[in-house]
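Let me begin by presenting the structure, written as structure tokens, before commenting on it.
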Amino acid sequence: MKILFVIVLAAFFIGVHCKHGYPVQYSGREKGCKIACVINNASCDGECKRRGGRAGYCYFWKLACFCEYLPNNSPTWDYKTGKCRV
């Protein structure tokens with residue numbers, strides 16, 4: 001029973017150190033903008049995995065890549081502070 005408790009507790013803490021969100025462009029003209037897509041889940045998944053996430057997909061209504069389980073140090077777009085220079 002104690003082992004099960006430790007496993008559940010460890011899984012909880014692993015989940016706490018991750019975030020979900022829209023990854024942003026690092027450089028160039030669109031620095032600070034969400035990564036655009038139309039229907040290409042494969043490119044979004046690859047981009048998210050390069051940034052340390054577990055999975056990614058093209059969120060169709062926002063026309064932007066969305067990543068799941070990103071590390072906390074990976075920059076993501078925020079509605080309040082998002083500054084897109086395009």
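Including glycine, each Cβ sits where the backbone N, Cα and C put it.
Taken from Swiss-Prot, the feature disulfide bond covers Cys33-Cys84 (among others), and the record attributes it to sequence analysis. Long-range Cβ proximity for Cys84 (disulfide bond), meaning a same-chain Cβ under 8 A and a gap of 6 or more residues, is found for Glu30, Gly32, Cys33, Lys34. In the three-state DSSP classification, Cys84 (disulfide bond) falls within coil.
The disulfide bond annotation in Swiss-Prot covers Cys37-Cys58 (among others). Long-range neighbours of Cys58 (disulfide bond) (same chain, six or more residues apart, CB within less than 8 Å of its CB): Cys37, Val38, Ile39, Asn40, Asn41, Ser43, Cys44, Ala64, Cys65, Phe66. Cys58 (disulfide bond) carries a strand DSSP state (E or B).
Per Swiss-Prot, the feature disulfide bond maps to Cys44-Cys65 (among others).
The Cβ of Cys67 (disulfide bond) lies under 8 Å from the Cβ of His20, Gly21, Tyr22, Pro23, Cys44, Glu47, Cys48, Arg51, Gly53, Ala55, Gly56, Ser74, Thr76, each on the same chain and at least six residues away in sequence. Taken from Swiss-Prot, the feature disulfide bond covers Cys48-Cys67 (among others).
Summarising the annotation, Swiss-Prot assigns domain 'LCN-type CS-alpha/beta' to 19-85 and lists sequence analysis as the type of evidence. Per-residue confidence over the domain 'LCN-type CS-alpha/beta' (19-85) averages 88 (mean pLDDT, predicted model).
Among the features that Swiss-Prot reports, signal peptide is placed at 1-18, with the record citing sequence analysis.
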*Hey, what's the Cβ neighbour count for Cys48 (disulfide bond) at 10 Å?*
23
